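Scroll down for the structure; my scribbles are underneath it.
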Amino acid sequence: MRQSPKKDVFQLFAEKVRDHKGLVSRWAVLQETRVEYFRGKDFVNFLKNHQELKDILESNKNIEVEEIANTLLRKNLLVRCDRVVKTVRPGKKKLSTWPAHLEIFPDQVFSENDAFFAWTFVKRHPLWQTLLSFFWPVLTLAICLFPVYPHRCKLLILYSCAGVLLLILSLLLMRATIFGTLYIILGKRVWFFPNILAEEATLRELFRFWPKKDEEERPKWTARLFYAVVAVLVILLLRHHAPDEAARARYQKRMSNIIDDVLEWSPRLALSGMMEKQQTVVNGTEPNNRNSEQSRDEASGNGEDVDQPQHQDHI
């Protein structure tokens, strides 16, 4: 019986390390491709704290961390990267700890000093992601069939979506209000839920509550005073142009009518409306047909009256 070829131990080691939650990693863009990467010093500390992972390497389990990383680089399981932006941006004291854009480093050798390494192999998707990929077409079909849902189901979906939207808008407004208040009064940049608007963040990072440490220089009092005046002017402008009670009532009535039309729509009502419209068109064409018939009869009668005197004169 033919046996399947044995998998490379370094491949197994790389997959195990990548799936481990102890190694801190981030996502970045490398040559227009999103990659998962980690820092060299974090890789060293990770293997020091998890020596049991070296047992996967079997006969190579006693080699140094640097040699393991260089072997992964030679086998194209890793690629060393460097940050694209190598200068400190204005207003910041140091370079970003986790850059969002990377480029391939010329010397593919492991290093701990400000070195980044990206995984090159495709990560195995867990079972829930596979099930989710089959769930998306079903969800799309369910959204398309919303008009034919029962009335109670429509109400449940409507209020759930409105509640989620209200929660998101309230969270963003509260977040901006806290940031503006602390920025003007204390000169601190404090963003609660700092990754809530991030494009490249894991689900765990997306809902992180505590703000990041403010590493930028403290703003000048003139800038804070300027933003305070602008905020007061915006508030006064919005208050001055706020709609009155009558305008709010008209808008509320208009929106409630639109929502009622969506909730009360059904295929039966649509078909009955089409039938009534068709019947109205038929009823509207019948008088026209009668008028045309009467006009033809009158025209034929006038023609007979004209021909009869001519026949008499000929006699």
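Cβ from N, Cα, C; glycine included.
Because TrEMBL annotations are produced automatically, they should be read as predictions rather than curated entries.
Features as listed in TrEMBL:
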{"type": "TRANSMEM", "residues": "127-149", "note": "transmembrane segment"}
{"type": "TRANSMEM", "residues": "156-186", "note": "transmembrane segment"}
{"type": "TRANSMEM", "residues": "221-238", "note": "transmembrane segment"}
{"type": "COMPBIAS", "residues": "281-292", "note": "compositional bias 'Polar residues'"}
{"type": "REGION", "residues": "281-315", "note": "region 'Disordered'"}
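A Cβ distance under 8 Å defines the sequence-distant neighbours of the transmembrane segment (221-238), meaning residues of its chain 6+ beyond its ends; these are 180, 183-184, 187. Within its own chain, the transmembrane segment (156-186) is flanked in space by residues 146, 149, 192-193, 196, 219, 224, 227-228, 231, 259, 263, which lie at least six positions past its ends and keep a Cβ under 8 Å from the stretch.
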